[in-house]
Amino acid sequence: MDDKREDEMVPIDVSNKGGGTYEKENVAVCAVTRSSGVTFRVPKTHDMVRSLFDPTLRKSFLELCITFSLIANCWFCYYCNKRFGTKWATGLYLGQYVVWRLTYNLGIGVVLHLQSHHEFLTEFSKRHKLFDGGNNNSLLASFCQFEIASKMPKNYDFSSYPPEFNVWLLFRQFVDLVLMQDFTTYMLYVVLSLPNELSLDLLTTMDWTSARISVGIGMLLFNVWVKLDAHRVVKDYAWYWGDFFFLLQDSNLVFDGVFNISPHPMYSIGYLGYYGVSLITGDYRVLLVSIMGHLLQFLFLKYVETPHIERIYGPDYPQDLERVDDIIIKNSQNYTKPLMSHLWFSNFDPLRPTDFFTVGTAIFSFVSVLVLKPSTKTMFIIALSIKLFTTGINFTILHQQSNDKWFTKLFLRNGYTQLYSFQIWQFIFNFNLTACYVALISQTWTQYKSIENSDFTTVIFGFILIALQMWSNSEILNAISEFGWFYGDFFLTNYIQRPKLASHGIYRYLNNPECVLGIAGAWGTVLITDFCLENIILATVWTLSNYIMVNFVESPHVAKVYGSEMLSRQSGIGKTLSGFAPLKQVSHWLDKLASSMVEILNVDKENREQIEEVVTMALQAATKKLAPNCEFEIICNGKHVHNDFMFTIGDRIEISWKLPTELYDEGDWIGLYKVVETGEDRFKTRVSSQGHWCATNTTYYSKNKSCIRGVLNFNHGKKITNGRVHFTHELSYFERGIYEFRYHSSSGHKVLMMSPPFKLNFPVLDLHSSKSLYDSTMKFLENCHCLNQEGLFDPNSNKRFTERVLQKLFRYSTGADISSDYMKRVNYDMQVITERIFEMKKILDSLQ
């Protein structure tokens, strides 16, 4: 049995106005003609096989002729094989198949095209009054009425049905003849091409031949299921292109069974039997003939079926589909479509240097392989290294971009735009993709030349897999556009107006087609190179890299942007396979394993922050005075601090100290330290203060102006000596962390007193507007003594407040980052810098 149209039309709401009782398959459904709008009830009809071969059904004259012609053709094949030999008979039936295939695709195609656009057959029957009963006694009208009357029930009345339906009944006879002869001549050609040594004993051996035959038989059985299930879904109305003549009422395009597995299944997987018999025969000529027949069928689909389906039912893609690419182009005059490397380089822009770099690298690589002629081992190492390296780059960029918007921040902090960062990513991704496939093609070519005896059949099947991946890439691109192809929702989520994953096109059948069909080309090279170990390794790496990218990078990001429920969305194939319990259990186990690995790889930031808080509390609880009857207190902005040990960088911090005079020495000094650097020794400081220290009086260290400038008060009594010091901007730290003050004795590092640990944080800047951000930033810089006499930021005003500190301030307070190069380019103009930071903040907040 051959193909049928695939518009998936199934009646979903059937009314029984006559009040009669019908069996499920006998329910009469209402239909309406396409142009005249006449409504009628469709009588029961049968499928092709039952109409021709079921002896319990009435047979028309043409049906008997068709059946006889099929039997006669089989007998004639046997006669020619015996009389003229297999070679002559094979050529004859190859010619017959070509004729019938062209009659199918070209003949029926032209008829259906004219019927779809002009209702050619319907108008012809009306013009010649073929179904007007006794009003037309012409030979053609009499024969047409006789043919239908002999097929339909005896009480069938021509005048009760519109010409569209009667013409359709006659058209079915022509379809029966063409499709059955097409199928019969092809199968006879295949039988004549079978090798003489083929027997069932070959299936008992463990070699390539038995594997090839077993796979071929499996494909044949799958093809039979596809045909049977397809007819179960669409019935003979769609099988015979019924909606080219009339339309069923209360019906919709539905996807069930085999129509959930593949787009246009009767034109795609419905022809797996062609490739199955090609495997069984092991003859590359049968395979080439099968490919030719399949390609003609795709042309029939493209130029006859698809235009009619879209005209009657609308396009497959939603009419209100949001194309983010169009939004980007509309909102940005500097954006052009990126270069894409598929079968050729599309969207090449001669004014874009990166395009020349990509194309030039590909051409140079191919020429180098042809000229230098490297060994197979060298090309394998090169191809594997490029794949691992480029995959690592893509993985790292996407993972970091999803978690921290790293790639976008990298460009924003250097003065570039968000869109420019996405364009650079497009170049990187496309260049990596091009490099991978250039290396794989070169390696495959080098490996293929080293094979002495190539099997043309496996080579052709390899190219079929490559073509399958190219078709898959095209379908993916049509469904998600360049925006989705280049992972735009990692970089430009603020351009997505309605977050929703694609569920049309190829994504109706597969959630992640790149994991299945996106690796077909890599495995095609395995067939081309006759199962070479090097290509098997490369194909495995391709498969694993796609799986890792989808499950550990894409899926977590999809859950973040579109919602976790999108991950549990079931594809068409998933719905079909969900009834198979073993497959369901394996899928559940793999999903559970992937989820567990994602949880292990993603560090829980909240838990880390809780641990830091516990450490801080423990340090505070462990603080103690090493000398009795001493006081060592922190004063922040004029207030004694007792409980809250968290200060803002730039705050005025003073230390009030007191101790017995007999313990005091003029060389005593106070140091400021990071807690993590002082270690566990609470009695002696074993690290340098790095200039963060202050004297307790103004006389002992009189030559060190910075350390005595902070002495505010000093009283040397007979019993008690006390004082007060201020850690100026020359002595303070300007970075976040946990710190402590230590009082040291006699110019040494023996600790007499310690302050409780306290935390220094950057201030929270005012982000209501760019002006408020500027004002709060300038106030902070003024507190840190970073402004010159003109009130402008000067990185040389405070040697401890560097550009890096300013970068950390913006990163902590706004989440945005700015590079030192950019600040230098704008001469440290805080007005420009804060406006840039504010704009970056808005962009980053809009990303997810």
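The backbone N, Cα and C atoms fix where each Cβ goes, glycine too.
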**Message:** According to TrEMBL, transmembrane segment applies to one of these ranges: 379-399, 526-546. Which one is it?
**Reply:** 379-399
**Complete:** TrEMBL record, transmembrane segment, of the ranges 209-226, 479-496 the matching one is 209-226
**Request:** Take the transmembrane segment (61-80) and find every residue of the same chain, 6 or more past its ends, with a Cβ under 8 Å from one of its Cβ atoms.
**Result:** 51-53, 88-89, 92-93, 96, 146-147, 150-151, 173, 176-177, 180-181, 184-185, 188, 191-192
**Complete:** The answer for the transmembrane segment (419-441), taking Cβ pairs under 8 Å and residues 6+ beyond its ends, is 328, 332, 334-335, 338-341, 354, 357-358, 361-362, 365-366, 379, 382-383, 386-387, 390-391, 393-394, 397, 407-408, 410-412, 482, 486-488, 491-492, 521-522, 525, 538
**Request:** Using a Cβ-Cβ cut-off of under 8 Å, list the residues of the same chain that are 6+ residues beyond the ends of the transmembrane segment (379-399) and lie near it.
**Result:** 369, 406-407, 425, 428-429, 432-433, 435-436, 439-440, 442-443, 446-447, 487, 490, 534, 537-538, 541-542, 545, 548-549, 552-554, 557
**Message:** Which sequence-distant residues neighbour the transmembrane segment (453-471)? Criterion: at least 6 residues beyond either end, Cβ under 8 Å.
**Reply:** 275, 278-279, 282-284, 287-288, 291, 342-343, 517-528, 530
